[in-house]
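Report on one structure; see the data block that follows.
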Amino acid sequence: MAHHARWTLSQVTELFDKPLLDLLFEAQTIHRQHFDPRQVQVSTLLSIKTGACPEDCKYCPQSSRYKTGLETERLMEVEQVLDSARKAKNAGSTRFCMGAAWKNPHERDMPYLEQMVQGVKAMGLEACMTLGTLDETQAQRLASAGLDYYNHNLDTSPEFYGNIITTRTYQERLDTLDKVRDAGIKVCSGGIVGLGETVKDRAGLLLQLANLPTPPESVPINMLVKVKGTPLADNDDVDAFDFIRTIAVARIMMPTSFVRLSAGREQMNEQTQAMCFMAGANSIFYGCKLLTTPNPEEDKDVQLFRKLGLNPQQTDVMTGDNEQQQKLEEQIFNADTDQFYNAAAL
């Protein structure tokens, strides 16, 4: 379905109800119409300001409301961030994402954030940030600095959202996505599976994303990472097939978006990850940690790519000499290197 045709909840729930193999076949068919099925986009995520967040997101160890043992850190120095970006590039990432545990960035932080974006872009990497809600001026300033992507997840359906977060409204999240889009920055927005939501809620989340005026260019689908001290620490595990279904439905509904395996990949075995790629996932976060949760060791990713015959995707902002593509391909096929352990200095 073209993205200008609005989906209905009944259409989405019908997709979730399909026999799994039929759903995977449909998703993979659509995926191949828009993407090279062997290409996977590789991103690295760095927490540039950790913990002490005033929000009450029940899944998040960075909230100041929960005792999770997380060490809080102030905003990193610009050069520290750029050093991590260099390591990520050397390890083969094509996009560098910077995350700060804020409700929203303060004016005093904006010059440093702009310098980070400019420095990352100067390396030939795509730059992405996730900083909480933005106003129009902040979005414009980040766009002027060269920011490619802004991440702001919807997390779940509007109906279930109030069970998870009370300090920021669903509409505030949608408003931030509008401001980012209006500033000319690409949108990265997805959600989390395993919050205690129903299949109808998963359908509702994807409905919101797919029915945006322009669907997000990047859609991260996270599996809840249960962190001791957070209210969701004792939630039931997510069934792997339910997660794979969510990936497949996202691919069908948003055929031209990158669908990213994000948090929770540490909990997935190789077979589950392979089925996610079959379902249409074509982007991963690659590095030691995803903000404050574990990510599979990088050499395991290298080995999995090699087993599945997958290749890292070249970034759009490269200068033309293919140096970065060659670096990652060399390491994919010579996986005895330890450079990947330095992909994200968190």
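Note that Cβ sites are derived from N, Cα and C of the backbone, with glycine treated the same way.
Here is what Swiss-Prot records for this protein:
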- C53, C57, C60: [4Fe-4S] cluster binding site (BINDING)
- C97, C128, C188, R260: [2Fe-2S] cluster binding site (BINDING)
- 38-256: domain 'Radical SAM core' (DOMAIN)
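Where Swiss-Prot records a feature, it is marked here on the structure.
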residue	record	DSSP (3 states)
C97	[2Fe-2S] cluster binding site	strand
C128	[2Fe-2S] cluster binding site	strand
C188	[2Fe-2S] cluster binding site	strand
R260	[2Fe-2S] cluster binding site	strand
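Excluding C97, C128, C188, R260, which define the [2Fe-2S] cluster site, the same chain contributes S43, L45, R95, T130, Y149, N151, S218, P220, S283, F285 within 8 Å (Cβ to the Cβ centroid), listed in sequence order. Close to C97 ([2Fe-2S] cluster binding site) in the fold, though at least 6 residues off in sequence, lie S43, T44, L45, L46, C128, M129, T130, Y149, N151, F285, each with a CB less than 8 Å from its CB. The C-beta environment of R260 ([2Fe-2S] cluster binding site), restricted to residues of the same chain at least 6 apart in sequence and closer than 8 Å, consists of Q41, S43, G190, S218, V219, P220, I221, A281, S283, I284, F285. For C128 ([2Fe-2S] cluster binding site), the count of additional Cβ atoms within 10 Å of its Cβ stands at 24 [all protein chains shown].
The Cβ of C188 ([2Fe-2S] cluster binding site) lies under 8 Å from the Cβ of C128, T130, Y149, Y150, N151, H152, P216, E217, S218, V219, P220, each on the same chain and at least six residues away in sequence.
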